Amino acid sequence: MAHVLELTLNGEPTRALLQTDQVLRIGRDPSCQLVVSDRSVSRQHAEIARTDGGWVIRDLGSRNGIHHAGERSETIRLTDGIEIRIGSAHDGPLLRIGLPAPAAVTTQPVQPAADAPPTVTLSPAEPAQPAPQPAAPPAAAPPPQPAAPPPPPAPSPAAGRPELAAFDASGVTSIGRSSENDVVLRDLLVSRRHAEVRQLPAGYQLTDLGSTNGTYHNGRRIDRVMLEPGDLVSIGHFQLAFDGERLHEHLDAGPVSLSSEQVTVAIGKHRIVNDVSFALEQGSLLGIIGPSGCGKSTLIRALTGLQQASAGRVRYDNRDLYADYAELRYRIGMVPQDDVLHRQLTVRRALRFAARLRFADDVPRRERSARVEEVMDMLGIAGSARQRIDRLSGGQRKRTSVALELLTEPSMLCLDEPTSGLDPALDREVMQQLRGMADRGRTILCVTHSVLHLSVCDRILVMCPGGTTGYFGPPSEVLSFFEADDYADVFAKVTREPEYWTRRYRESDLYRRYIAEPITAHMLQPSPGRSQQPGPAPAPETAPAGIDPPTHLAVSASGTNNTSDESKPAPAATRIAQALSNARPSMLNRAKDPVAPLRQFTTLSARMFAVITADRGYALFLLGLPMVLALLSHTVPGDTGLGPAEGATGDDRLEAMRILVVLVVGASFIGISSAIREIVNESTIYQRERAVGLSPGAYLAAKFAVLGLINVCQVTIFVYLSLLGRGAPAEALVMGSPMVEIITPIAMVTTSCTMLGLCISALARSVAQTTPVLVVVVMAMLVLSGGLFELHGQAVLNQISWTSPTRWGFAAGGSTVDLLSMVRPIFTDPLWTHSTGSWWRSILLLVVQIALLGAAARLAMRRLEPGRR
């Protein structure tokens, strides 16, 4: 049964043709049926739907709400001719709604008069809330039409995504965010001029125009590719399906399904997650619970692509997550247990830095800021926008982490222990907020130890020690299945007998209803794009070394387990086994580094300076460190300093050597101590940002540039104060000024040690590991500097010393001050020769060390890559 609504928005009339079970979505987003371009209107603002009690308009958690007669309401019952303000109560867009007559309108297409307003037809239907009304009797078949040549078949986008528009691809078709393009995609992930399709004699060519977040062809990021009918082009949240002549635009946002098909994660022969399967419907909230150490966090990392499974498959809306991860990563939000924001920053500033990193390079600052404000309002943290994150309550900090992920409007949101450390009231508030997100269309996965409010979930996954599934289904059936009085009993039972409960669930009717049959239904759905087309079967997969193939339990129609060799598997188990016998695609198609590393470098550098200056204690430490080291250098006896030691005898001849040792070792300490905790201390932040497109090179370069600049300034102060009141070198070999020529190699020692510290930090697995390493490395720098004892002529040790930055910094300083003339015959090291060649050799080798250490640090950061096991 269809209904025609007469809508008048700011004086402009239009019609909406709705089936009984459809809703009309209103908002600023292009995917809405009624698009309202006003700053006070949210992207998904409100919806009109028919309920048992009549027509209503419902607010969808918008920033500024809906208003009738000057009052804001969550739901307004509609009457014919009612006027609703969208957004602002005073000057927001005015929507007048004319309701259909009580008699039903037939489902025949409405033929408008020549002067009638345009009609908005919803297709396909979006189910209204609450549950849809019973279906109307089928309409009479339309009269037969003359036969016509069939159009080229349109490729299939993600399931359930309505077509927004179709564009002729002949000539040159430009695609981007700017209104000057032929295909305009209003998405902050899309660049102004993002890509183009060009018609050539050989066919249609798709070219990326240097976009920030990339252009994806059938799930693979490309620079240039020839299109074929059935190809799927993904840009931001949009999909363009190519049929050979036209581009069909779809918005890949909103509800998505998720299925885990016998996912196993193992380290060596030890399985952390073991053969976990389930299917989650669109817009569902899944709670994952179980005893400590049963693999919950590892499972959620595998389900989001942050860690690749050793075996099995994860399907995001029936697309292989691992195969298409480079594209799908933008549509999955992950809130880990640890904060992924710098706590020294304010909420607003941290979110603005995140927006600069995630959105397209050419998005204006005004649009980025507007999105940040919208998300803060949505989550109720706008009142805390100017507070530092480390001064927020636990609940506010967690909402801020969620806000970070919602900036890019992901369709799926995963949270690891979001209620950890919260009191029961905040626990309930967080879970209810997650319930609201699921009700508005997002698929939510939540790992939790709290069992107080699991009733808000649609499904519960109980994991047993060993990473197996003890239960998957609705929360209402958990306790009865385990024959338990409360969840404490459930945890105790699966801890005592994990194998029993895994087997019992596999043999139960619950397994058939909630896992086997839904996964079978998911497998029967066609995959988007060309993956539907038949092709050669892939080669069978070889199980990873040390991992036995998963055990497949055949489930009969009655839910009993058939384990004998003669038993024939039920269709569900058969399809699962057949699907997993195919080659599991590797995650070689990882995200390429973005084409805007310079923009990321400047953003990361600015953020790092902001973090340092926001922490006053640390900033004062950086300022005071060179002064303290300079005071220590004045404990070296003598007043000659680095000047000529004419007439000096005995130990007085060694004054310059001792001062140089203090300078190079102090510089090495400054460099290593400032950098050795930088990467490991924010590894969680780096991994999350890397998963959404952060360039590792830009990240490392920003760390090195900021710390290097600070350390050079520290060393300059350190050297100047250390030589204050003492003699300076008599002359310079290369740079004109003896003081500058001394500061230069000492500064290069600290920059080299800064890179060494970053390399160690990338290798460390915890901050606690860095302290003993710092002590050992600084001691090695002292011993290998060449100023404690003669290294020249000592086999092996002399060659090892060449790897130390202090060796070459000391040698360059010794060349400048003519150290050999002061210390012969006690020391005879030829590296200290008073010549320009000796000085330049030392400087050149310091440059080489910086480059090699930089390459080593970049290589060490590969272990932090998403998807690595």
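Heads up, the Cβ atoms here are built off N, Cα and C, so glycines get one too.
Checking TrEMBL for region 'Disordered' across the ranges 51-106, 107-162 points to 107-162. The recorded stretches the transmembrane segment (771-789) and the transmembrane segment (697-722) do not share 3+ CB pairs below 8 A when only pairs 6 or more apart in sequence are counted, and are therefore not in contact.
Mean pLDDT across the domain 'ABC transporter' (258-491) comes to 90 in this model.
Of the two recorded stretches, the transmembrane segment (656-676) lies close to the transmembrane segment (742-764), with three or more CB pairs under 8 Å once pairs fewer than 6 apart in sequence are set aside. Same-chain residues lying 6+ beyond the ends of the transmembrane segment (839-861) with a Cβ under 8 Å from its Cβ atoms: 679, 686, 696-697, 699-700, 704, 733-734, 741, 744-745, 748-749, 751-752, 755-756, 758-759, 762-763, 802-803, 805, 808-809, 811-812, 815-816, 831.
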